Structures are given as C-alpha cells and as structure tokens.
Amino acid sequence: MLFSLLIAPAAAEAALPPSNPGTPPMSDSPWSLLPAASANAEALDTLYIFFWVLCGIAFVGMIGVQAYFMWKYKKPAHGHAKTSPLTHNGKLEFIWSAIPTFFFVILFAWGEIEYMKQVTPPPDAMDVRVTGQKWSWTIEYPEVKGCSLTNDLYVPVGKPMRLTMTSVDVIHSFYLPAFRLKKDVVPGRYTVLWFEATKPGLYPLMCTEYCGDEHSSMVGRVHVVPQEEYDAVLAKACELKQGDAESAEDFGARVVTRGGCASCHTTDGTVKTGPSFKGLFGKSETLADGSTVTVDENYIRESILEPNAKIVSGFSLQMPSFAGRFDDKQIAALIAYIKAQK
Amino acid sequence: MSTAVQSQDPHPAVEPNYLVSKRGLMSWLVTVDHKRLGMMYLASVMFFFLIAGILAIALRTELFTPDQDFMSAQTYNQVFTLHGAIMVFLFIIPSVPAALGNFFLPLMLGAKDVAFPRLNLLSFYVYSVAAVFLIVAILTSGLDTGWTFYTPYSTSTGTAVITATAGVFIAGFSSILTGLNFVVTVHKMRAPGMNWNRMPLFVWAIYSTAVIQVLATPVLAITLLLLIIERSLGIGIFDPAMGGDPVLFQHFFWFYSHPAVYIMILPGFGIISEIITVHSRKHIFGYKAIALSSVAIAVISFVVWGHHLFVSGQSELAGVLFSFLTFAVGVPTAIKVFSWVATLYGGSIQYNTAMWYGMAFLWTFTVGGLTGLPLSTLAIDVHLHDTYFVVAHFHYVMVGGTVVAFIGGLHHWWPKMTGRMFNETAGKWGCLLVFIGFNVTFMTQFFLGHQGMPRRYYAYLPEYQVMHQVSTIGSYILALGLLWTLIYLMHSLWKGEKAPSNPWGAVTLEWQTQSPPIEHNFHETPHVHGSPYDFPEIDKSAGGHH
C-alpha cells in the first residue's frame with residue numbers, strides 16, 4: 001500500500017531523470033539500504049563509522065575481558081578456591097574514568113561541529129514552505145505562483161534549500177533519511193531545515209513524530225533532479241491541468257495524488273480515517289445527527305471545500321479544507337474519479 | 001568474617017515465617033509487613049508485565065508484514081500506547097523498588113520493617129487505584145497518545161486521556177510515598193554498626209532511586225494536572241490553538257521522565273552489584289566508586305532532559321549544553337560496568353541462574369549504554385531521533401538492563417522470599433532463551449532505525465520487512481523464555497526443595513535470618529562490624545587494598 005504510494009507518481013511523471021535509482025530507500029551501497037544524498041549525510045556517515053569503530057573496540061574489549069575472567073575464575077568442581085582480596089585500585093579507576101571521558105569529549109565536539117553546520121543555512125538558500133497536517137505534507141514553492149504540492153518535494157542538485165515549516169494541527173516531524181536530517185514541525189511556530197542535495201534520485205520523506213491514526217501514511221517523496229532540469233520538472237509537477245488526451249477520471253487520479261487523499265481514503269473498500277472511495281458514489285449515508293445524505297456531486301464538493309459541514313456517523317473531523325487549493329475543474333475530475341471507483 | 005550475625009538460625013523454627021505467621025485473606029489485605037507488601041507488589045507488577053508483554057507480542061505480530069494485517073491503525077496506536085504506559089508506570093518503575101526493595105531494604109539494613117509501615121500499605125493501595133484508572137481507560141475509550149502524552153495531540157484526541165493521566169498522576173503518589181519511606185528508613189533504621197560505608201550496594205541504589213522519586217515525581221504530577229486542566233477547562237497552557245506552547249509540555253514531561261529512566265535502572269545496578277559479588281565470592285571492586293556513581297547519576301539525571309528535544313526546535317545553545325551533560329552521565333555509568341567486570345577478577349565464580357543473568361546483564365546493558373552515545377551526539381541524533389534506533393536503545397537499557405537485573409534478582413532472592421529452591425537447569429534454559437530472544441529482537445532494530453525506520457508505524461516500506469520479521473521471531477523466543485521462567489518458578493512454590501537460610505553463602509544481613517524470614521525479620525537485632533562483601537573465601541594473606 002505504502003509501496004504503491006511511493007512508486008505510482010514516479011511512474012506517472014516521466015520527467016524524472018533516467019538515473020532514478022528506483023524505489024526509495026534502496027541504495028547503491030551494499031552495506032546499507034540508505035543512500036547518502038547530501039553533504040550532511042556524507043559527513044555524518046563518517047562520524048557514525050567513527051562511533052561504531054570506537055564502540056566496537058570498547059565492546060569487544062570489555063566483553064573479551066569479561067569472558068576471559070568468566071573462564072579463568074570459574075569455581076572448582078568442589079568447594080571454592082581462595083579469592084583475591086582486591087577491593088579497589090585508584091590508579092586503574094582513574095584510567096578507566098579518564099579514557100571514556102576523553103572519547104566522550106571528542107564525540108561531543110565532533111557532533112556539535114556538524115550540528116552547527118546542520119542548523120545554519122547559507123544566505124543564498126532557496127525557500128520552500130512546508131505545512132504538516134493530519135496526514136500529509138503540503139509543499140509550496142514561493143517562486144512558482146500557486147504551486148502547492150502534496151508529499152512531493154522537488155530539489156535541484158547542488159543548490160541549498162531552506163524549508164520553513166509549520167503545522168496546522170499537532171506536532172509532526174519532517175524526516176529525510178537520505179539527508180540524515182529531521183526537524184519537528186510544530187503548530188504555532190516556524191522551524192527551519194536546510195540541506196544541499198548531492199545525488200539525483202528519489203528518496204523517502206517520513207513523519208517521525210506520532211500524530212494519530214495515519215501517522216504511518218505520512219510518507220512522501222523527495223525528487224532530487226539535476227539543476228538544468230529542475231525548472232522544467234518543477235513547473236510540470238506544479239501544473240495540474242487536464243491533458244488533451246486525458247480522461248476526466250485519469251486527471252482525477254492525479255488530483256487525488258496531489259491532494260494526498262490516499263492517506264485517509266482507500267480505493268479497495270478498507271475504511272481508514274475517512275470512507276473508502278470504493279462504491280462511495282450514490283451511497284446513502286447516515287450523519288451523526290441521524291439524518292441521511294446521498295453521496296452525490298454536491299455532497300462530495302461540499303465535503304472537499306467544507307469538510308466539517310456533514311460528517312458521516314462513525315467518522316470525526318480530521319480532513320483539512322481544500323478550498324483555494326483545488327479549482328472547479330480539478331474538483332469535477334476528482335468527482336469523476338470517485339464515481340469510477342465502483 | 002566480620003558481620004556479627006553469622007550463625008545459621010540461632011532459634012530454628014521457633015517462630016513461623018512471615019507467610020504463615022498470620023492466616024486468612026484479611027491478614028494480607030491489611031498487612032503492614034514490608035515482606036508481604038513486597039510480595040503483593042511482586043504479584044501485581046508481574047500481572048502487568050504479562051499484560052503489557054502480550055500487547056508487545058501483538059505489536060510485533062502486526063509488524064510481521066509491511067501492510068496492515070489484523071489490527072486497524074487505531075487499534076495499533078492504542079496497543080503501543082498501552083504497552084508503553086503499562087510497562088513504564090505499572091511494571092518497571094515499581095518493579096525493583098516496590099517489590100524487591102520493599103522486601104529486602106529493611107532486611108539488608110537489619111531493621112524490623114520500613115520506617116512507616118502504614119504509609120507503605122497506603123502506597124500499595126494508591127498504586128492499586130492508579131492501576132484501576134488505567135484499566136478503566138483501556139476498557140472505555142482507550143488511549144492513543146503514546147505513553148508520553150505529547151500535546152497538542154493529547155489535548156485534541158478523543159480517547160480517555162483524562163482517565164489515563166489521572167491514573168499516572170495517582171501512581172506518582174505511590175512512587176513518592178514509597179521513596180519517602182525508603183529515604184527515612186535508610187537514614188534512621190540501619191542496624192548498629194552499619195555506617196554509610198557498610199551499606200550493601202543494593203541499599204545505596206534504592207536510596208539514590210528514592211531521592212529521585214521524591215524530587216522528580218511531583219513535576220510529572222503537576223504536568224499531568226496542567227494537561228487535565230487544559231482538556232477539561234479549555235485553559236490554554238500547551239495547545240497553541242488556545243495560546244499555549246506545545247513544546248513546554250515536552251520540557252515538563254522529560255524533566256520528570258528522564259530522571260525516571262534512572263528510577264528504572266539504578267535499582268537494577270544495585271541488584272547486579274549484589275549478584276556479581278556473592279556468586280564470585282569476591283569483595284565488590286570499587287565500593288565507593290559504585291555507590292557514589294549512583295548518587296552522581298541521580299544528580300546529573302536532572303539536567304539532561306533536553307536531549308529528548310534535540311529536534312524539537314529548542315535553541316542550539318540548549319542542544320549543545322544538553323548534549324554535553326548527557327555525555328557526563330556516561331562516565332559514572334562506565335565506571336560501574338568496569339567495576340563489575342573487575343570484581344570477577346580473581347574470584348571463584350559459581351554459575352547458577354542468578355549469575356547467568358548477571359553476566360547477561362553486562363552484555364545487554366553495555367550495548368544499551370554504548371548506543372546511548374550516538375544519541376547524545378547532537379548531529380547523529382538528528383538522524384536517529386524517533387527511529388527504531390531509539391526503540392532498540394531504550395529496550396536494551398530498560399529490558400536488557402532493568403528487567404534482566406530484576407529477573408536475576410528474583411532468582412537470587414527467590415529462596416529467601418519463598419523458602420523454596422527452583423530448578424537450576426530449568427533456570428539456565430530460561431535465561432538462555434531470554435538472552436537470545438532479546439538480542440535477536442532488539443539488535444535488529446538498531447539496523448532498522450539507522451536505515452530510517454520511524455517509530456510508531458503500523459505499516460512500513462517493504463524494504464524493512466526482512467529485519468522486522470527477524471525482530472518478530474526474536475520476540476517470540478523472548479516470550480517463550482519468560483513464560484518458561486514463570487512456569488518453573490511457580491512449580492518451585494509447590495515442588496521446590498526447602499531453601500536453607502543462606503544458600504549462596506552471602507554476607508549481607510538478609511541471609512542471616514531464616515528462609516523465609518520471620519515476621520519481625522530477626523530474632524535479635526544484628527550488629528554490623530564490617531563490609532557486606534567480606535566473604536570467607538577471600539584470601540586475606542595475599543595482601544591487597546583494605
């Protein structure tokens with residue numbers, strides 16, 4: 001389900017570079033499922049390897065000494081051996097306090113230096129606005145008028161990007177494993193995340209602060225594209241118009257993807273946070289106050305623009321309004337798509 | 001041998017033991033005997049361990065495939081919340097202090113009971129009321145906030161947040177009362193001759209824990225009260241929609257809950273110190289270092305809470321300071337581990353089940369401790385925060401540390417508590433299953449987390465499937481080991497051999513009275529003249545530091 005969520009747009013958008021490594025988070029490294037696609041990721045991997053070598057030596061050393069003592073000082077078959085009267089040793093205790101302290105200071109300082117780079121965006125960074133909501137990411141590009149994407153972040157290689165993020169409901173966390181970055185997205189304030197991608201590809205974007213029912217579905221895609229293709233790819237991604245040869249239903253499918261509708265509405269009959277689209281059109285539903293409503297064009301349109309107006313019994317208000325985000329043609333296509341889910 | 005009370009049972013079988021000295025259900029329900037209360041706590045925490053364990057198995061089973069299988073999203077979210085909340089508030093926090101601590105603290109001090117026996121009984125009933133609140137929350141509309149109750153999610157969700165937080169609020173009072181009782185007991189009830197340098201390390205650990213319980217728990221109580229006020233009266237404290245600050249809740253919550261991590265692990269350290277010395281017939285290495293490092297950990301634990309907020313948007317300066325202070329906790333912790341290993345040197349090690357758990361602890365806790373380092377390192381934490389790496393890390397500390405120590409302590413003291421010996425062969429098989437199952441379950445999760453698998457997902461990217469399946473199979477092995485342990489321990493109650501008063505040849509005072517002890521613990525007040533780890537096998541002629 002999530003799998004299809006991730007690869008479907010990739011198939012739909014032929015503009016992606018041919019070097020697309022396939023389904024995220026698959027990697028070219030045999031050691032990791034995780035690609036390193038930013039300068040920060042490469043720097044952190046070095047630090048991470050340093051940590052593992054250090055801790056590997058410490059662990060093997062300690063368990064080795066423990067195992068040796070366990071074998072060497074096993075009690076004889078009968079009775080007990082005389083044991084050592086050793087109770088302490090100041091010099092030894094000083095050494096084994098000082099050595100970890102020394103390495104802790106190195107780890108701390110190294111981590112602090114990399115962290116300061118992570119939180120200091122360069123002044124020439126490109127701005128992107130991110131809004132978290134239950135359960136999708138809205139991504140807006142100020143330089144492309146009216147461009148509002150859902151769960152798709154387009155990024156050029158080698159150009160710093162600065163994301164200014166906020167949430168409209170609860171706390172979310174914006175996590176880009178391929179860049180080794182995350183930052184909480186908090187209602188009522190802005191948080192900032194910046195990066196510079198180094199490798200074209202398609203990478204996952206996930207929510208890492210528990211935010212309710214479909215927390216697991218708050219998964220999106222980061223499309224890293226070469227700089228020379230970026231403007232065209234972004235323009236195409238932002239465009240949401242019915243193609244000449246495209247049926248209303250197919251266009252509606254693209255609108256559904258753009259709206260991030262799939263995190264709450266399935267097409268296979270499974271009921272998640274919202275009703276499934278399967279067999280929805282024409283159905284008679286009971287509202288919380290006991291009255292009934294038929295799911296027709298008007299009801300669907302109203303529910304998209306004013307989700308709170310008529311909530312079917314058994315569901316709660318979780319849906320954001322799409323007023324201002326979808327125009328009449330897009331809503332019409334969306335209705336055609338829902339009609340087709342029989 | 002320098003402890004006065006060395007003779008085995010000066011008056012054997014003169015008085016009946018605490019289990020049979022009074023009879024009938026009422027004699028248990030209104031008992032003020034710390035040993036009976038310890039046993040009642042033990043039964044309660046074990047019950048909640050079983051419940052929360054079953055929930056864990058349900059979670060791991062759901063995660064066997066990437067898709068949604070047998071639980072809906074809502075059910076999964078409630079199950080992981082209850083797993084965490086029950087494990088933390090009703091099992092781990094009271095496990096060692098309230099069950100083993102209650103039973104053994106007065107015995108190890110040579111006292112007749114705790115300082116305030118009636119307060120101790122009250123504390124048990126307060127805990128029971130808290131448990132009822134949490135159960136009511138589960139049975140009514142459930143709870144889906146995660147055990148951390150983060151705002152504004154917890155202010156806006158429709159589940160039984162008020163009932164559940166009221167339960168945790170009440171459980172906190174039980175914790176405070178027990179802590180207070182223990183602090184006073186340690187200060188005022190030590191047997192003649194037992195100065196601070198002659199206290200067993202388990203007592204030192206319980207003492208440090210009790211201090212944190214008294215100082216930190218009120219903060220949790222206030223925080224939860226504010227949350228309840230916000231939800232019921234609509235006063236904006238944490239919810240930005242009402243003018244509050246959601247991150248403030250995290251500061252308040254972790255100001256308690258990080259010290260609470262040490263409430264959970266310090267008593268485990270105490271148990272390990274006892275097990276390793278007794279079963280290797282050696283004086284503990286670095287008594288002062290171990291005792292004072294417990295105190296150091298207790299103090300520093302109050303100023304590291306901000307490492308839970310590295311990616312929350314707190315200021316960079318705060319992040320840097322909290323990172324540094326978090327590393328500072330690592331030093332006393334490392335000192336403890338090295339001292340335990342050094343205690344084995346020159347010993348005469350008896351490998352019984354308790355010692356197997358002691359040795360398993362050194363492995364699992366060291367993994368837990370070392371994997372705390374990348375999480376303290378600011379830049380790496382940014383990647384690992386809220387992934388399975390964190391899940392694996394705290395399970396290595398909480399389960400690999402506290403629970404392994406708790407089960408080890410249960411085996412170490414089982415003969416004293418119940419008067420019965422369990423089957424050692426069965427015990428070792430149980431320990432092996434627990435050790436293998438635990439490592440398979442959680443070692444895998446370090447890799448999952450590093451590859452980017454976030455916490456609290458009921459469905460996940462298919463690339464993670466193989467590792468999730470290995471982890472799930474590990475959890476079944478772990479469950480099997482724990483069930484097996486439960487079975488042979490229960491079996492020993494009826495069929496086990498009668499336990500002698502001091503089966504391991506230990507020197508601490510709890511072993512200098514009969515098994516199980518009489519109601520007032522000792523026939524005569526014991527007098528202490530030396531170290532609690534002065535074993536007869538120690539070769540005094542060899543020289544060494546004294």
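Yeah, the Cβs are placed from backbone N, Cα and C, and that goes for glycine too.
Annotated in TrEMBL:
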type	residues	note
DOMAIN	B:22-529	domain 'Cytochrome oxidase subunit I profile'
TRANSMEM	B:39-59	transmembrane segment
TRANSMEM	B:79-107	transmembrane segment
TRANSMEM	B:119-140	transmembrane segment
TRANSMEM	B:160-180	transmembrane segment
TRANSMEM	B:201-229	transmembrane segment
TRANSMEM	B:249-272	transmembrane segment
TRANSMEM	B:284-305	transmembrane segment
TRANSMEM	B:317-342	transmembrane segment
TRANSMEM	B:354-373	transmembrane segment
TRANSMEM	B:393-414	transmembrane segment
TRANSMEM	B:426-448	transmembrane segment
TRANSMEM	B:468-489	transmembrane segment
I'd like to know if the transmembrane segment (B:79-107) touches the transmembrane segment (B:393-414) in this structure, counting it as a touch only when three or more C-beta pairs sit under 8 Å and are separated by 6 or more positions.
yes
Segment confidence, the domain 'Cytochrome oxidase subunit I profile' (B:22-529), expressed as mean pLDDT:
93
Same-chain residue ranges lying at least 6 outside the transmembrane segment (B:284-305) that approach it to Cβ under 8 Å:
197, 199, 201, 204-205, 207-209, 211-212, 215-216, 251, 254-255, 257-259, 261-262, 266, 269-270, 273, 276-277, 322, 325-326, 328-329, 332-333, 335-336, 339-340, 342-343, 345, 531, 533
Counting Cβ pairs under 8 Å to the transmembrane segment (B:426-448), which of B:119-140, B:249-272, B:317-342, B:354-373 comes out on top?
B:354-373
Tell me if the transmembrane segment (B:317-342) touches the transmembrane segment (B:201-229). I count contact as 3 or more CB pairs below 8 A, with pairs 6 or more residues apart.
no
